[in-house]
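As given in TrEMBL:
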type	residues	note
DOMAIN	4-151	domain 'BAH'
DOMAIN	152-263	domain 'ELM2'
DOMAIN	270-322	domain 'SANT'
Amino acid sequence: MAANMYRVGDYVYFETSASGPYQIRRIEELTKTPTGNVEAKVMCFFRRRDISNNLISQADKHLTIGSWRSRGGQLRAQGGSLTEVQRHQLRHRELFLSRQVETLPATTIRGKCAVTLLNETEALTSYLARDDAFYYTLTYDTAQKSLLADRGEIRVGGRYQAEVQPLLGDGESDGRDLAQLEELVWRPDHGLSDADIDKYLLVARSVGCLARAVDACSSVRQPGLAAAAAAASRDYTQAHAYRMLHSSKYDLGRAFCRLVTDSGPVLCRDQLEDWSASECNLFEEAMNKFGKDFNEIRRDYLSWKSMRSIVEYFYMWKTTDRYVQQKRLKASEAEKKLKQVYIPN
């Protein structure tokens, strides 16, 4: 019975054609349809027969790993060549991972298999000694019709890591241009007490609340004193207050004057206030489709927004009740999904 029980994460055979070989897939999700049938959302793996000859040649050249390698298209192992039969079998064990996802009836599952990323420390013959065992090293992009290495890269060197300079002696200059370094935005030795700063921030929040009350646009977006006070209490208002205090050289009188100018109280909006309701809905739709791929979100949904604006909004959006409700809803839906399914022979 255990052999016929299939769970999320299993690698399985699917029969999609009576005349072709079984397709190899990884189960990502199991769902029950209103009619009572079970469907499997699966990630696709491709065989060598499914890709072009040019890509097969590229895959053979890439296979230069650990204890075995490809020379002139012939797989070899350290200590000697493989037999023709072994080379043929190994090519039939090679798969290509893809990001393509499809939905198939669970009744077309025909058994389990094992798929692993090629392990260069294992003996080559170990892949042949196990039944239904496959390996992959490359990812197949079905849209671009190209192969990419599915391996992490150890980024070592001057391009990725800072070079430690020699220790400077007393009075010795390192020759750096200080104008090109980071800008100091706060000094801990400002001479103000914590109580003075707390009072200053309280006034800054009050000014922010007043600014929203007299601003026509803000009063429409966030009607009510509670909403205005909540918006004025967020980090953006306090960060602006800290900047004004620092630029005023920690003179509270000058900082207060910069919070309220001749034209009225200064209004500071963060991304949560700047975005319209339709933009927020677009962002949530994009998050459901692309996840945290901000490049895709900006390209397909919010091209008029800067990347900084999108990332900043994302982290603010995660603090909202709307995000918490969506997270609870997704968790509830996940609990309803099937964890396993039994497919009889």
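Every residue, even glycine, has its Cβ placed from backbone N, Cα and C.
Bear in mind that TrEMBL entries carry predicted annotations, made automatically and left uncurated.
Sorting each residue of the domain 'SANT' (270-322) by its DSSP state yields 38 helix, 0 strand, 15 coil.
Summarised by DSSP class, the composition of the domain 'BAH' (4-151) is 31 helix, 73 strand, 44 coil. According to DSSP, the secondary structure content of the domain 'ELM2' (152-263) in residues is 59 helix, 2 strand, 51 coil.
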